[in-house]
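Swiss-Prot feature annotations, pasted as is:
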- 1-73: region 'RNA-binding and homodimerization' (REGION)
- 34-38: motif 'Nuclear localization signal' (MOTIF)
- 137-146: motif 'Nuclear export signal' (MOTIF)
- 180-215: region 'CPSF4-binding' (REGION)
- 205-230: region 'Disordered' (REGION)
- 223-230: region 'PABPN1-binding' (REGION)
Amino acid sequence: MDPNTVSSFQVDCFLWHVRKRVADQELGDAPFLDRLRRDQKSLRGRGSTLGLNIETATRVGKQIVERILKEESDEALKMTMASALASRYLTDMTIEEMSRDWFMLMPKQKVAGPLCIRMDQAIMDKSIILKANFSVIFGRLETLILLRAFTEEGAIVGEISPLPSLPGHTNEDVKNAIGVLIGGLEWNDNTVRVSKTLQRFAWRSSNENGRPPLTPKQKRKMARTIRSEV
């Protein structure tokens, strides 16, 4: 087992414990509590997969964090906070592309967790690119504002947007939703690629063909979704 995978899990367990203490003192808002619940389920799944006890991992994670904080000088901490904690807003789409109304000949809508996926199933044999506007923190996609699928002619044929009634979503939520949208569009022989900006901050990688590196879990979910639509 990769030691970095273990240490990452241990630190995540301890940080979840800290956030839980914050929630217990009624200091967390609704999105904070929503992420807390989602991350708890995620940690349970990861612990089961890795065969690690969460309570033990939390104690080890605490030791790792305490060691890092002890070694960190105040000046270095200030510089890290200033450079890393500032959330950036990145835009693939123009204001016109974001605000433009669009219509579907054969509408399909699916809710995936806190995200709503919409696509036009009448679109066939097109070259499509996915563009998104989103915020980034720690070099990773933090919050999706809006994602849209465009043909080469500029027509909008698909969309992923957060559900107002379910605030808060994770990077994994976004990647899973993108996998579902790609699967739905490719079912009609469309060629789909993802913008380099979105690839970089959602997957931290970039492929020349514009295809994101979907995990086996995301591929299975995409396949199940496609079968349910046929």
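Glycine is treated like the rest: Cβ placed from N, Cα and C.
So that I understand the layout, could you describe where these features sit and how close they are to other parts?
Per-class residue totals from DSSP over the motif 'Nuclear localization signal' (34-38), listed helix then strand then coil: 5 helix, 0 strand, 0 coil.
This prediction places the mean pLDDT of the motif 'Nuclear export signal' (137-146) at 85.
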Please report, as numbers and ranges, the same-chain residues at least 6 past the borders of the motif 'Nuclear localization signal' (34-38) whose CB is under 8 Å from any CB of it.
16, 19-20, 23, 28, 114, 166-168, 170
